[in-house]
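Peer 1: Here it is, the structure, as structure tokens.
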Amino acid sequence: MHITFSWYDYTLFILMLGLSALIGIYFAYFSKTKQTSVDEYLLGGKEMNIIPIAISLIASTISGTMLLAVPSDVYRFGPTYWYVVLDVFIASAITYYVYIPVFYKLQLTSSYEYLKLRFSGNIRILASFLFTLTNLLFLPIVIYIPALAFSQATAINVHYVTPLVCGVCIFYTTIGGLKAVVWTDTLQFFIMMGSMFTVLYMGLSSVGGFTNVWDISMKGDRIVPSFSLDPTERDSFFAVFIGNIFGVAGYISVSQGYVQKYLSMPTQNDVKKALLLFSIGTMIIISVSVLTGLIIYAKYWDCDPLSSGKIAQLDQILPYYVMDVASTIPGLSGLFLSGIFSAALSTLSALLNCLSGSIYEDFVSPFMPKDITQLRISNILKLIVVIVGVVCTLMVFVVERMGSILPLQFSLVGITSGPLLGLFSLGMLFPLANTKGAFIGGIGSLIIMSYIILTAQVNKTKGLIYYATKPISVEACNSTIISSAYQQQDSSEEVFALFKISHYYFTAMGTLLVIIIGLPVSWFTGGREQIVDPDLISPVSKWMLKKDYYAVEKALKMVHTEKC
């Protein structure tokens, strides 16, 4: 299956890449403020506006994998994923009232510097290493999926597509800093939205409107979610809703890329407005993606493309659908793939920018001379972007040989996001927590979650864990082919229930493990007697501080004055 590219399609695609590069050139050479200091390069001089930051947050969250994976997941398992939009609003409120007050008051270049202030340098290095490793493995996945879609559409080898697109992203991120990232995210956001809504409109027209989509989806058991409390059920309401509160918070509350953008705004009230716009925008995009999945089902409810052999894997169903409903419209294929690539580029550029800050602060800065100039630091940050970008580009050639992409992505995020969110939550919410509790809690959570997730992945690969799909049909296909993708493999082995738990719970499990392990360890290792700087505790937990809180704060200030 190929989407036929015309010169209209190539023009749209090249125009998107060209404009992204021009934005980087503008902020590097023609803007009134040049990227010659840490504040300018990483925080945009702390003068970023609400709307572009909000759009950048949305664009960074919605990667190409989501635009391709959510519709296919909804087609196969139903639209329960939509309830994530509720989690986005809840997690945004938690972010603003629990985590942002601490980060905003401290004004740290790296969010992981907080863990050094609250616990020790070892905890900070552990968290930063996990963040760096996760993204070095995650970013090649982000860019590989849309590159693969482009390769299928144009017959151009993915090995040629990936370096070109990554090269443009590395270029504008390196020379333009955060401002280039934010404004290219804004451009790519509108391309992405234009692509999504155009495909949505064409899809609704092809199946007879929303009412018809709803009726067919109801008959196909696609609408009403399961309210089972069984944690091994993949897509129950509680798995999606409860699990993703932690999952979304793991991204937007403590991740360096998001904290960096929060701190780039002049006031904390601006952060609140940006988070509200981010929540609304994310809700719209997720809703459109879910509806697209239902439209695809309404289109193919009686002739499943995977079962009939028209596509090789389920991730191809969205490009196949676009070709089917809109191949006669010049430029639409190019707009569609530009939207997919825009989502991937926005995620890639945002993480490249924040990774440079995190790597410099946590791994390079300790070896730099104290009198290093801001210009030299800025140049080092740019060099780190180039190095990380090249590494991610080269790792795409490894990722394509590692099998199914989405399970791999869930595993990578699940292993590390829970422990990371747990460390920050332990420090900000529990004054009792100390360094020993954080270290043992963090390492313990990492080991346990690694064992659970990797074992589950091995069992899935062997066919020992299988999640039943919603009903499918091939009665209108004139085909007797039934794809093995839907077939459960026979097995005489029984898998322990712990390894069958829905992937939506992974981040929640990792977070709670840090707290469950860390608090008792802190209690028995002197956490009750320690004095904690009130600035390091979230406002929602300051009531847990000792009654002589103001006396403690005054004493800390006096000690600091004496040292100076």
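From the backbone N, Cα and C atoms, a Cβ is placed for every residue, glycine too.
Annotated transmembrane segment per TrEMBL: 12-29, 50-69, 81-104, 160-182, 189-210, 236-254, 275-298, 335-360, 380-399, 405-430, 437-454, 504-524 (among others), in sequence order.
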Peer 1: Which one of these stretches, 335-360, 405-430, 437-454, has the most C-beta pairs shorter than 8 Å to the transmembrane segment (189-210)?
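Peer 2: Counting Cβ pairs under 8 Å, the winner is 335-360.
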Peer 1: Sort out the residues at least 6 away from either end of the transmembrane segment (504-524), same chain, that have Cβ-Cβ distances under 8 Å to it, and list them.
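Peer 2: For the transmembrane segment (504-524), the list is 231, 239-240, 242-247, 250, 410, 413-419, 421-423, 425-426, 430, 432-434, 436-438, 440-442, 444-446, 448-449, 452-453.
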Peer 1: Among 81-104, 275-298, 380-399, 437-454, point out the range having the most Cβ pairs under 8 angstroms from the transmembrane segment (405-430).
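Peer 2: Of the candidates 81-104, 275-298, 380-399, 437-454, 437-454 scores highest.
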Peer 1: Short question: which residues 6 or more past the ends of the transmembrane segment (437-454) have a Cβ under 8 Å from it?
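Peer 2: For the transmembrane segment (437-454), the far contacts come to 115, 118-120, 122-123, 126-127, 130, 411, 414-416, 418-419, 422-423, 426-427, 498-499, 501, 506, 509-511, 513-523, 525, 527.
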Peer 1: So are the transmembrane segment (275-298) and the transmembrane segment (81-104) touching or not, going by 3+ C-beta pairs under 8 A with a sequence gap of 6 or more?
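Peer 2: In this chain the transmembrane segment (275-298) contacts the transmembrane segment (81-104) - 3 or more Cβ pairs sit under 8 Å.
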Peer 1: Which range out of 81-104, 236-254, 335-360 gives the transmembrane segment (380-399) the most CB pairs under 8 Å?
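Peer 2: Ranking 81-104, 236-254, 335-360 by Cβ pairs under 8 Å to the transmembrane segment (380-399) puts 335-360 first.
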Peer 1: Counting only residues 6+ away from its ends, which parts of the chain sit with a Cβ under 8 Å from the transmembrane segment (236-254)?
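Peer 2: Sequence-distant neighbours of the transmembrane segment (236-254): 57, 61, 80-81, 83-84, 86-88, 90-92, 94-95, 98-99, 111, 225-230, 275, 278, 413, 417-418, 420-421, 424, 502, 504-508, 511.
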